[in-house]
Amino acid sequence: MKAISKLKCSTPTSPLRSSPYVPATPASPDIPSPSSLLDEFTKFCYQSDLPRAIKAMNAMQTLGIHADCITYSQLIKCCLARRAVQQGKLVHQHVFSNGYQPKTFLINTLLGMYAKFNLLNDAQSLFDKMTERNVVSWTTMISAYSNAKVNDKALSFLVLMLREGVRPNMYTYSSVLRACDDLPNLRQLHCTIGKVGLDSDVFVRSALIDIYAKWGEMQNAWRVFNDMETGDVVVWNSIIGGYAQNSHGVEALNLFKRMKRAGFPSNQPTLTSVLRGCTVLALLELGRQVHVHILKYDPDLILCNALLDMYCKCGSLEDANSVFARMAERDVISWSTMIAGLAQNGHSREALQLFELMKASGTKPNYITIVGVLFACSHAGLVEDGWYYFRSMKHLFGIDPVREHYGCMIDLLGRAGKLEDAIKLINEMKSEPDAVIWRTVLSACRVHRNVDLAAHAANNILKLDPQDAGTYIILSNIYANKQRWEDVAEVREAMKNRGIRKEPGCSWVEVNKHVHAFIQGDCSHPQIDEIRRQLNRLIHRLMQVGYIPDTNFVLQDFEGEQMEDSLRFHGEKLAIVFGLMSLSKESTIRIRKNLRICGDCHLFAKLVAKMEHRVIVIRDPIRYHHFRDGFCSCGDYW
DNA sequence: TTAGGGTTAG
């Protein structure tokens, strides 16, 4: 730092300012020549060797060569590369000392440095002092605010620059798009970009795809991608990532195949999205193949974290543990993923032990880590531990409890049958309870058979989410159980009037890398007759050892035998039987469902696992069920 | 001198 302060500037009128001065006289052999010093300086900057670059600049000054805009700019980039904030600030002071008037591009470089260091106040005050601002100055500020997610500022800078008559370019638009936080704004911006003909730029294109994907507008994202005349690997990654983020695994995986066919080599971000595609579809075997492919790379932290998540969400904790154990570097996401993964798969105690290890490793938990910890407590019925973490999270980790933490606690209390305490906690919340919270309450009421509170919770859900078919059905069943037929009719009427239909239940099972789908009431599977025959035989054998179909879970449209029939052919039962028929004795039967598993299928799976000595893993939209020896990892609460 | 993609709970 001292070395830099030794640098002196000449007067603004000095001709030396326009370019570094190199004396014409040859240097003596023991004194380095000015031109070799300048070469050295450039070399050190290129190597990001900040101390030697400063030394060379000081030596140059001793010989009377003063820094100019280009050398200053090189030095600033060197500070950036070394993340040397203080030295960067000293260069800034130096640039403005002795009345020197730096060119706009040098001030832009300083602006860029502050932007990258996330020092928005410094960037803003430098920007305010600028007498001349070009498109780069404006774009740098927009990019700084976009990156810091100060979206309104970023957007207002676009308006101001237009007002000052500065024309935005592709850099500007690709930066400002990231700050677009409402759809009408985005549409207008997209329109403008089209009018000025910048929509073929790959940066603008990938930014458009990203922001549409972020808004869940995949049709628009697809349109941007599909109009593609220009493209590169990042644009492909944007569209694949967009589909994966929005849980459209099939589209993501198909696009990946297309990308390969088109000759684009995949890189780490591509594979991360491909893994996410496998994750949302619970395709363990495909995920394993991707893993083998990844081993050819030197996978970075993000890719390893995605791998961990894939194995946890595909229900293979053995694989997840082995990836976790081998990771050279772990961040808060790696730990949080593993803690939540263990908890979700029914290994709560291990999850809490891992949390202790995490703290011992010096990694600071974030709010998501605590969600995982509370989730683990609720899964294992650890009410006291849950209260301890919830009440002390602020004090211990500096994290304020938010809606999600309340949700976990309400789940914990609900599971433990402490419904009154759960309601008390809802009343303690600073924000209004959302549909997720009320669904948690409803779920607890179903287990603990609290009809009045269930109706209250269901009504609250429907106020917040009138399209939630599942809640109408539960509510209607609750009234039917109480023989409140007028209420039943009212619920049905409301459902009909709002055009709400029960989403058909679907179960998928992966056999030999092919996914077989079983939709309730659909007979299109080529082996459906044989599967049904086998299912009937299996049910018959189960009934001999005491299985009684639990008809509580059927929408009250059916009666008696018909009711049993509708249960008999639930997709997950067909999928289980198909798994038994097609997979080897040692293989785990892995099923993914689009709806929550019903109580009868849950009981069926437990008994089949015991009778057939098989492990069955069923992942529903929220929870995981590992059936083994007549027990389920969820502890019969879901 | 300014711009792009990927990971975490329910």
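Note that Cβ sites are derived from N, Cα and C of the backbone, with glycine treated the same way.
Residues or ranges marked as region 'Disordered' by TrEMBL: A:1-28.
Sequence annotations record features per position, and here TrEMBL assigns compositional bias 'Polar residues' to A:8-17.
Looking just at the repeat 'PPR' (A:134-168), the mean pLDDT is 95. Annotation source TrEMBL lists repeat 'PPR' at A:134-168 (among others).
Within the chain carrying the repeat 'PPR' (A:232-266), a Cβ under 8 angstroms from the stretch's Cβ atoms is held by residues 202, 205-206, 209-210, 212-214, 216, 218, 221-222, 225, 272-274, 276-281, 283, 286, all 6 or more beyond its ends. If you look up TrEMBL, you'll see A:232-266 (among others) marked as repeat 'PPR'.
Long-range contacts of the repeat 'PPR' (A:300-330) within the same chain, counting only residues at least 6 positions beyond its ends with a Cβ under 8 Å from a Cβ of the stretch, are 268-269, 271-272, 275-276, 278-279, 282-284, 287-288, 290-291, 294, 337-338, 340-342, 344-345, 347, 361, 363, 588, 590, 617, 619, 624, 626. Per TrEMBL, the feature repeat 'PPR' maps to A:300-330 (among others).
Taken from TrEMBL, the feature repeat 'PPR' covers A:331-365 (among others). Only residues 6 or more beyond the boundaries of the repeat 'PPR' (A:331-365), in the same chain, are considered here, and those with a CB under 8 A from a CB of the stretch are 301, 304-305, 308-309, 311-313, 315, 317, 320-321, 324, 371-373, 375-377, 379-380, 382, 385, 397, 399, 623-624, 626, 632-635.
Residue counts for the repeat 'PPR' (A:468-502) under DSSP (helix as H, G, I; strand as E, B; rest coil) come to 26 helix, 0 strand, 9 coil. Among the features that TrEMBL reports, repeat 'PPR' is placed at A:468-502 (among others).
If you look up TrEMBL, you'll see A:546-638 marked as domain 'DYW'.
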